[in-house]
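One structure is given here, and the rest of the page talks about it.
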Amino acid sequence: MIYRENGQFKTTYAADQQIFTIAQDKVFVLGVIAFAFIGIPLLADEYMFRAILIPFLILSLAALGVNLLVGYCGQITLGAGAFMAIGAYAAYNFMIRIDGMPLIFGLLLGGLASAGMGILFWIPSLRVRGLYLAVATLAAQFFCDWAFLRLGWFTNYSSSGSVSISNLSVFGWGIDSPLEKYLFCLCFIVVFAFVAKNLTRASIGRQWMAIRDMDVAAEVIGIRPMWAKLSAFAVSSFFVGVAGALWGFVHLGSWEPAAFSVDRSFQLLFMVIIGGMGSILGSFFGAAFIVVLPIFLNQVLPALGHLFGIEISTAGISHAELIIFGSLIVFFLIVEPHGLARLWSIAKEKLRLWPFPH
Amino acid sequence: MGFFVETLIGGLMAGMLYSLVALGFVLIFKASGVFNFAQGAMVLFAALAMARFSEWANIALGGDNLFLANVIAFFAAGVVMFIAAWAIERLVLRNLVNQEGATLLMATLGIAYVLEGIGQTIFGSEVYPINVGMPKDPVIMFESLFEGGIMINKEDFIAALIAAILVAVLTIFFQKTPVGRALRAVADDHQAAQSIGIPLNRTWVIVWFVAGLVALVAGIIWGSKLGVQFSLATVAMRALPVVILGGLTSVPGAIVGGLIIGVGEKLSEVYLGPYVGGGIEIWFAYMLALVFLLFRPQGLFGEKIIDRV
């Protein structure tokens, strides 16, 4: 009743090609952005920013990148963590080796380095597809794990193997408090989400989707598979690389290669699959789910055990977390294989009819 | 020369162990088209069950008959793996029929988490030894051929022998028995197999059970070498390049791939490692597999994929 497109006529091509063609969608998205910029800083406390909101924002950016590759171009990757690492270490090296490098440039250059390495790593993968490809991407993961651990140049020969960066500032505005960090990440994610949305609506995104749906048929109608796949790899690696740089700089502050291990890659793929493949919104849902669930379990399980008079040991809790996390993932895959984004579109369908039954 | 041969043989032995884990992947992929990331967790789970059951059985028997305790533990662990296979089919696979490969892959990752959690909750999370009476002492061979001879670990040798027997048994099982034929039929075409009366669900339980047994054997061998601990679950990561190198659908591929990867890893670590700082084993295996894939995208023995519009 409230949510419907009746009566919203498009009289120009420009109006027809808007990002959000339905007025309610536009209002909703603008509302969410306004809430994120104004409402959340007023409501959330420091713990919320540190533990939930900042990781959520950065990981949704990474999930967005992975989703462009997995959801839109149909190339499964298990090596996303490696490209986060490349982004983080490249940005670190740009920042410390070039004097007076502005922070934003540093982060973007980290992303570009990641994109370059992405293309390099994916060239051998062009001939491979499906699950073979998924395993082949692990090559990038293990190579990067090793390179950042063993090759001293990347970590500026730091003795402990961990690198750190401090005194972040943009245009003289120091990013120190959790609130400032949150706003900084939010600016990035808003811009990148719009870029991603537009990419998927443009010819390049349509090429990716054609390749995903059937690569041979796409080739027959004149799409160059190599160009389409490589561009997807590059763009995806860029997004993931920027997210990795943000993760290292803003969220962790100082980090080791273990921060970008193969578990991180799995986590990103989980986000995409649980959130919904081929959906920008789904990346956010997936990231929220994966970030919040462990924290939630960590808080609730001891309380629950206490309620029934059982003292669960820390090891017991971590095992229970594993079990519940694993079964919830399987449960979600069974109940909604198309992800949380699908639930959202079902809700929109229902809203269209509401409050009438038909 | 002697050192080179020693490294080579060490690589072959290690490769045999990788093949054991890789076999589990191939079996499940062949029969259900699921890329089973939980194989590593299954190895850990089975090894934990074996180690603890053997310990408990030993105490129950009064501690004087280790062999009997191990036999009891082996069967008990087998039963546990059967229950696990049945539960996985019942709770997960049955509900995910006809889903995409990526979804199934994620589901097996979920299964891996659950197995790791349950295994450590029931059996504990410390390092447990498995003692099946494998000789630990090395022997020196071919002293007449090379100066100083070649040192071979008896344990590795027995492990390789067990792996070879297991492969032979599996081959006979797949080629000659009615159940094996049914498994191959399901692997070939789900629908056609179902239409001639082969029960899909039961076949899946069987194949996951067989993969569980393979995991049990792999777990015992790895466990008696390194002790049963959480890191056993990461063995799967080491076995993945073996699978793609050999081809996802080929049992001989898993063996040959395992040998190539094992030898490649050891030789690279010994001769190349010192120049770049060491620890290159794991990514070198993946790179090796990747290079092979460049020339044969379906792996060494995998089925060629033909595309039609």
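From the backbone N, Cα and C atoms, a Cβ is placed for every residue, glycine too.
The transmembrane segment annotation in TrEMBL covers B:12-29 (among others).
The feature transmembrane segment is assigned by TrEMBL to B:34-54 (among others).
Long-range neighbours of the transmembrane segment (B:66-88) within the same chain, counting only residues 6 or more positions beyond its ends whose Cβ lies under 8 Å from a Cβ of the stretch, are 38, 42, 45-46, 49-51, 53-54, 56-58, 111, 115, 131-133, 205-206, 208-209, 211-213, 215-216, 220. Sequence annotations record features per position, and here TrEMBL assigns transmembrane segment to B:66-88 (among others).
Marked as transmembrane segment by TrEMBL: B:157-174 (among others).
Beyond the transmembrane segment (B:205-228), the same-chain residues lying 6 or more positions past its ends with a Cβ under 8 Å from any Cβ of the stretch are 17, 20-21, 23-24, 27-28, 30-32, 36, 39, 42-51, 74, 77-78, 81-82, 84-86, 88-89, 127-132, 134, 155, 159, 162-163, 166, 170, 173, 179, 183, 235. For B:205-228 (among others), the entry in TrEMBL reads transmembrane segment.
What TrEMBL lists as transmembrane segment is B:240-263 (among others). Same-chain residues lying 6 or more positions outside the transmembrane segment (B:240-263) and placing a CB less than 8 Å from one of its CB atoms are 8, 11-23, 25-27, 29-30, 35, 167, 170-171, 174, 187, 285-286, 288-289, 292-293, 298-303.
The transmembrane segment annotation in TrEMBL covers B:275-295 (among others). Counting only same-chain residues 6+ beyond the ends of the transmembrane segment (B:275-295), those with a CB under 8 A from a CB of the stretch are 237-238, 240-242, 244-245, 257, 260-261, 264-265, 268-269.
Only residues 6 or more beyond the boundaries of the transmembrane segment (B:34-54), in the same chain, are considered here, and those with a CB under 8 A from a CB of the stretch are 21, 24-25, 28, 69-70, 72-74, 76-77, 80-81, 84, 88, 93, 101, 104-105, 107-109, 111-113, 115-116, 118-120, 123-124, 128-131, 211-212, 215-216, 218-220, 222-223, 228, 230, 232-237, 239, 248.
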